[in-house]
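Swiss-Prot lists 207 with the feature active site, proton donor. Per Swiss-Prot, NADP(+) binding site is recorded for 17, 18, 49, 50, 107, 189, 192, 309, and the stated evidence type is similarity to another entry. Annotation source Swiss-Prot lists NAD(+) binding site at 18, 47, 309. Marked as NADPH binding site by Swiss-Prot: 18, 49, 107, 309. The Na(+) binding site annotation in Swiss-Prot covers 131, 134, 136, 138. Per Swiss-Prot, the feature L-homoserine binding site maps to 192, 203. Annotation source Swiss-Prot lists domain 'ACT' at 356-435, citing sequence analysis.
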């Protein structure tokens with residue numbers, strides 16, 4: 001039902017970078033949006049924590065009473081861009097219960113509670129849209145739920161965190177170490193004061209959970225996603241990567257796997273990996289994002305663009321708002337959520353990939369054969385070995401660095417090998433263990 005036959009009432013929760021841009025678009029593009037929707041949008045109110053703060057909008061639109069705002073009879077659609085998970089969850093559930101369609105960009109909430117929110121929307125016969133939650137302005141949710149609805153998605157992978165991609169791109173192009181590249185990202189506003197969620201892979205894991213759930217029609221939460229961060233990557237790793245014709249990216253990978261018993265499983269993981277320069281993802285630099293979808297009939301599709309920031313994210317939010325508003329005008333709903341099967345998750349130990357292992361060792365005869373023996377004991381086949389001298393600040397040779405590239409091996413076998421290498425007297429330390437993706441096993 002319409003609150004008014006001539007308008008679609010909108011409430012915006014949150015007036016940060018994204019919320020401010022959404023309000024600007026609603027007001028600045030009012031005529032264009034009305035033409036696309038079939039009725040004008042009317043901004044009914046904006047939920048904020050502190051009404052007294054000057055925010056550059058009419059004060060009579062501001063309220064700190066979120067519950068009252070989302071239950072108003074003249075509000076048809078609630079746009080949630082607040083951030084805090086529990087506060088957002090309560091507001092969205094309340095809005096849905098009051099018959100409001102909801103647009104949200106809250107990836108952390110969706111990664112934990114997509115099922116709960118989707119069921120609430122279904123029960124209330126309203127829409128729940130969240131295109132902006134995964135990759136900012138990049139359209140990937142709608143292609144998965146609509147364009148590929150008749151296909152079988154086999155794999156979804158890519159780069160969905162602009163902060164880490166900027167840091168790794170800077171390390172690759174300038175030779176900077178991690179701390180220097182992080183400082184540069186902070187100076188440009190790409191990294192938060194506390195970058196943990198980005199650099200330890202939490203942000204990418206939440207997005208991977210959302211995409212895996214949609215792509216494979218199963219419930220995946222952020223806790224189901226195996227995760228590693230980028231804080232241990234060194235300039236030496238980039239030197240070795242370039243020698244191998246690769247660069248290093250923080251990837252998310254979600255894929256459908258058929259286990260030995262014939263049962264289908266889902267693997268979802270986030271980690272830094274070597275990517276061949278010939279792969280499309282290797283060219284995604286700076287704060288840009290990209291998602292590659294592989295489907296049975298459609299083949300490989302790639303989506304690229306700005307994955308974060310106020311304006312790009314607001315673009316996706318407003319796109320969802322237009323879709324929800326059109327449905328209100330027509331008295332219809334968007335596509336219903338698929339019926340979900342609870343496919344089991346594949347543990348990381350059974351996932352087979354190629355590996356890059358770097359270690360500092362004593363510079364003496366027999367070391368290489370001892371290292372190779374540890375790989376052989378666990379049936380981890382070596383594809384390539386590189387050895388170089390290590391010198392101190394005075395140019396005196398003080399040891400050697402060995403880089404081993406393997407053929408396909410399970411994570412479990414490789415982990416056992418690394419533990420054994422660390423126990424060898426001649427190994428001073430295993431400095432890096434990275435996977436190689438986009439390379440045939």
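Every residue, even glycine, has its Cβ placed from backbone N, Cα and C.
This view paints the features noted in Swiss-Prot onto the structure.
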residue	record	CB count, 10 Å
17	NADP(+) binding site	16
18	NADP(+) binding site	27
47	NAD(+) binding site	28
49	NADP(+) binding site	12
131	Na(+) binding site	26
136	Na(+) binding site	28
189	NADP(+) binding site	10
192	NADP(+) binding site	13
207	active site, proton donor	29
309	NADP(+) binding site	18
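Cβ-based crowding with a 10 Å cutoff singles out 134 as the top-ranked of the binding-site residues 50, 107, 134, 138. Just so you know, the Cβ of residue 203 (L-homoserine binding site) picks up 26 other Cβ atoms within 10 Å once every protein chain is counted. Comparing residue 192 (NADP(+) binding site) with residue 134 (Na(+) binding site), their Cα atoms are 18 Å apart once rounded.
The DSSP breakdown of the domain 'ACT' (356-435) into helical (H, G, I), extended (E, B) and coil residues amounts to 24 helix, 37 strand, 19 coil. If you compare every pair of Cα atoms in 17, 18, 49, 50, 107, 189, 192, 309, the residues listed for NADP(+), the longest distance is 24 angstrom.
Listed in chain order, the residues near the Na(+) site other than 131, 134, 136, 138 are 132, 133, 135, 137, 139, 140, 141, 289, 307, 313, 316, each with its Cβ within 8 Å of the site Cβ centroid. Among 18, 47, 309, the residues given in the record as binding NAD(+), the maximal Cα to Cα distance rounds to 20 Å.
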